[in-house]
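Participant: First the structure, then my questions, so here it is.
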Amino acid sequence: MRNWCLCQICTCGSDYRPYEIVKQPRHIPEEYKPKQGKIDLGTTYKRDFNPYKVQPLIKVRPVERQQVKKGKLDTVPTYKDDYRSWDIQKCELCKPEQAYHPPDVKFGNSTTFQDDYVPQEIKPRQSFKPCSVVKCSVGPFNGDTSHRRDYVPHQLEVKFARPKEIYKPTDQPFEDLTTHRNDFQGLAGETAKICRPAYTRVTQNIQFKGSTEFRDSFQPWEIPPPKVKKVAEYVPPSGSMQLNSTSHLDYVPYQASRVVAIRPVSHRRQSNFPFQGKSTTKEDFPAWEICRQGLIKQQQQIPNPSGKFEGLSTFRSHFVPHELIPTESCKPLNEALKSSVPLDDVTMYSIQFTPKKQEICPASYPSPPGYIFENTNSQGHKFFRKIIPAVKAF
């Protein structure tokens with residue numbers, strides 16, 4: 001007989017107790033074992049590639065033509081004018097002059113790659129690509145499909161044409177009375193009062209003052225001139241400069257020969273005709289004479305005011321006061337619609353509502369009805385056995 005826990009019998013969820021969560025075993029992956037044998041590093045690209053001889057590109061860029069300017073160029077910068085050079089004597093080199101002679105014997109030390117590498121013959125892979133030869137059929141092409149063979153044409157029936165209805169306007173007037181207007185009965189109430197204050201026009205005959213609160217609070221003050229920092233006079237150091245460095249003192253000469261340059265010989269193009277330093281840009285755009293541009297100053301369009309400031313603006317001088325006319329209210333009167341018929345407050349919900357009986361949770365009893373207590377486990381769950389009703393014998 002199956003035993004039922006109190007958590008399973010309860011319908012409200014108040015007697016639920018959590019069960020112990022069993023942790024699932026973790027899958028341990030197998031140890032990786034590398035495959036035996038050697039890897040064939042030959043590819044189809046290395047097998048089928050045919051190298052081509054590459055020729056150097058010919059430069060399309062034209063020869064640079066320098067512009068020769070007439071007149072003497074002042075090449076003395078401000079650094080040379082301000083810089084004071086020292087009287088430095090040239091030091092003689094302590095390194096002896098030696099010519100480098102490369103060895104004639106071949107370098108005999110081999111690398112680890114040359115010792116361990118064993119060249120292998122590349123075997124061509126078997127091609128599984130089908131043959132590209134097209135097999136031509138001898139007989140004529142049969143263009144009949146299963147749809148063409150099995151299709152049976154049927155005769156279409158005549159389509160029924162519905163006659164168009166003629167619109168006939170009604171003679172009765174349009175009723176614009178809605179259910180809301182018919183059933184709604186407004187409540188009588190007081191009209192809302194206007195909280196806006198009455199408009200009072202302020203007229204002043206006093207002359208306008210040009211001063212503001214900001215001008216009164218923040219008066220101009222005198223700004224002191226900036227301080228000029230005095231530069232100390234340059235004093236040259238006394239004595240001679242020691243030009244001996246750690247490299248000159250600790251240098252040990254070695255017997256070595258000079259390295260021969262591996263740079264290839266440059267092949268320059270030799271032309272017999274004289275160089276023409278002219279271009280279309282130089283001919284069309286000759287050099288302009290540099291002159292200082294004058295100061296661009298716009299003419300003053302508004303004349304300076306003359307006389308004392310009146311404090312009257314254009315808005316005040318051209319302003320014409322008008323009498324305020326109140327706006328006519330188009331709001332309808334707040335009158336309640338009265339009806340002699342009483343309000344029908346019956347709804348579909350009140351007609352079709354069926355009250356349900358409140359059920360009592362069986363777990364709220366000390367012993368649930370229809371169950372017999374069996375035992376309690378280590379976690380505190382109570383188990384009950386269901387009572388089977390007795391069957392009467394015939």
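Any Cβ shown, glycine's included, is placed from N, Cα and C.
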Participant: Which stretch, out of 71-83, 97-109, 110-122, is listed as region 'Mn 1' by Swiss-Prot?
Facilitator: 110-122
Participant: In Swiss-Prot, which of 52-64, 312-324, 325-337 is tagged region 'Mn 5'?
Facilitator: 312-324
Participant: Pick from 144-158, 204-218, 294-308: which range has region 'Mn 2' per Swiss-Prot?
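Facilitator: Region 'Mn 2', as annotated by Swiss-Prot, spans 144-158.
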Participant: Which one of these stretches, 36-48, 166-178, 244-256, shows up in Swiss-Prot as region 'Mn 3'?
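Facilitator: The listed stretch tagged region 'Mn 3' in Swiss-Prot is 244-256.
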Participant: Sort out the residues at least 6 away from either end of the region 'Mn 2' (144-158), same chain, that have Cβ-Cβ distances under 8 Å to it, and list them.
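Facilitator: Distal contacts: none.
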Participant: According to DSSP, how is the region 'Mn 5' (312-324) divided among helix, strand and coil residues?
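Facilitator: Helix, strand, coil within the region 'Mn 5' (312-324): 5 helix, 0 strand, 8 coil.
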Participant: Summarise the region 'Mn 3' (244-256) as counts of helix, strand and coil residues per DSSP.
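Facilitator: Final tally across the stretch: 5 helix, 0 strand, 8 coil.
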